[in-house]
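What follows is a set of notes on a single structure, which appears directly below.
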Amino acid sequence: MARLNGNSMIMWFLFAIMFGLGNFHASAELQRLTHAPKNDDSLSFLVLGDWGRKGDYNQSDVAYQMGYVGKKLNIDFVISTGDNFYDNGLTSDRDPNFEESFSKIYTAKSLQKPWYAVLGNHDYRGDAAAQLSPFLRQIDSRWLCLRSYIVDSELVEVFFIDTTPFIQDYFISPEHDYDWREVNNPPKAYITNLLKDLAMALRGSKAKWKIAVGHHAIRSIGHHGDTRELVSLLLPLLQANKVDFYINGHDHCLEHISDTASPMQFLISGAGSKAWRGDVQKRNREDVNFFYDGQGFMSVQLTQTDANIVFYDVNGKVLHRAMYSKELHSVRTKEQLLSII
Ligand SMILES: *[C@@H]1O[C@H](CO)[C@@H](O)[C@H](O)[C@H]1NC(C)=O
């Protein structure tokens, strides 16, 4: 064995720390929250993304319509796909923007349910940990944001995934300051562990429906388009584990795209306030079922056999519906599943 001099010993040691840590760090189970379905074994929720602007850019109008639809569907919870607070997340867990953009906006009785949220890139530009702080629940008990976690009912498991650390541009050519304190830079170990934990949880899932939620798109024809890192790292994992829907925000629009290699559907709800009118790449891609570049939100109703997905605009008008059934055939194909009304 070659003798190592002092310098190479130090180099070896640094190398081991930099690249070895991920292997020694045993993967942990993702935090799991339970949310029982209704007595009739159904469950419904709204999905909103990219919203916190103190009511501006029609945020309050979208909130009003969510209240109406939330009541009609008797929703169980709301999912936020991230970019919860503009422009730069929260400054701390005492930031008044929390109440100004959340508590004072989503005031309808039907929306007084748990809000399960992930962080978006704008949230990482502030104090990312502030949004995870239990102190926020003292101000508004609805709020529940963690980095990556699972909401589990017997009917559906929702896998919330912290996608911002996947995006290499945020590290390589940062235009903004990001709060990487708990992610580290580079984020290799963080991502490796997250994917390991997620794979373990997905493999063990016995729920009828599997839904994954992240801020960034896997597929999108909006401004940002497909996310290269998620297509290569996350998509195969979701496909292999028969995830039914991947839901995200980031592009300020509403979209429904079908995966070309599996029955999975991509649902985008990132239109909670400022929308990007006309900012679209290739509208006539054959996997695209629906694209809307204005403001709005989405609802999902689940039973043991059916999923009913509806997109609404800022006036509550229904823009698009999609229904999926688990009963048609044991082997699901896109053609058998998709019935767009
Ligand atoms: C608010 O919504 C209306 C109706 O869609 C739209 O015409 C208007 O441009 C929106 N305002 C803003 C600030 O986005």
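Cβ atoms are placed via backbone N, Cα and C, with glycine included.
Per TrEMBL, these features apply:
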SIGNAL    1-22  signal peptide
DOMAIN    44-253  domain 'Calcineurin-like phosphoesterase'
BINDING   D50, D83, Y86, H252  Fe cation 1 binding site
BINDING   D83, N121, H215, H250  Fe cation 2 binding site
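If you average pLDDT over the domain 'Calcineurin-like phosphoesterase' (44-253) in this model, you get 97. With respect to their backbone Cα atoms, Y86 (Fe cation 1 binding site) and N121 (Fe cation 2 binding site) stand 10 Å from each other. With respect to D50 (Fe cation 1 binding site), the closest of these binding-site residues in Cα terms is H250, chosen from N121, H215, H250. In three-state terms derived from DSSP, Y86 (Fe cation 1 binding site) belongs to neither a helical nor a strand segment and is classed as coil. A simple way to gauge crowding: the CB of D83 (Fe cation 1 binding site) has 30 other CB atoms within 10 angstroms, across all the protein chains here. Within the same chain, residues at least 6 positions away in sequence whose Cβ sits under 8 Å from that of H252 (Fe cation 1 binding site) are D50, G222, H223, G270, A271, K274, A275, W276, D279.
Rounded to the nearest whole angstrom, the C-alpha distance between N121 (Fe cation 2 binding site) and D83 (Fe cation 1 binding site) is 6. Long-range C-beta contacts of H215 (Fe cation 2 binding site), restricted to its own chain and to partners at least six residues apart, with a cutoff below 8 Å, comprise G49, T81, G82, D83, V118, L119, G120, N121, T163, T164, N248, G249, H250. Each of G49, W51, G52, R53, G120, H122, G249, H250, G270, G272, S273, K274 belongs to the same chain as D50, D83, Y86, H252, is absent from that list, and has a C-beta within 8 angstroms of the C-beta centroid marking the Fe cation 1 site. Counting every protein chain shown, the number of other Cβ atoms lying within 10 Å of the Cβ of D50 (Fe cation 1 binding site) is 30. What surrounds the Fe cation 2 site, by Cβ distance within 8 Å of the Cβ centroid and not counting D83, N121, H215, H250, is the set G49, D50, T81, G82, L119, G120, H122, D123, T163, T164, H216, G249, G270 from the same chain. Look at D50 (Fe cation 1 binding site): DSSP puts it in coil.
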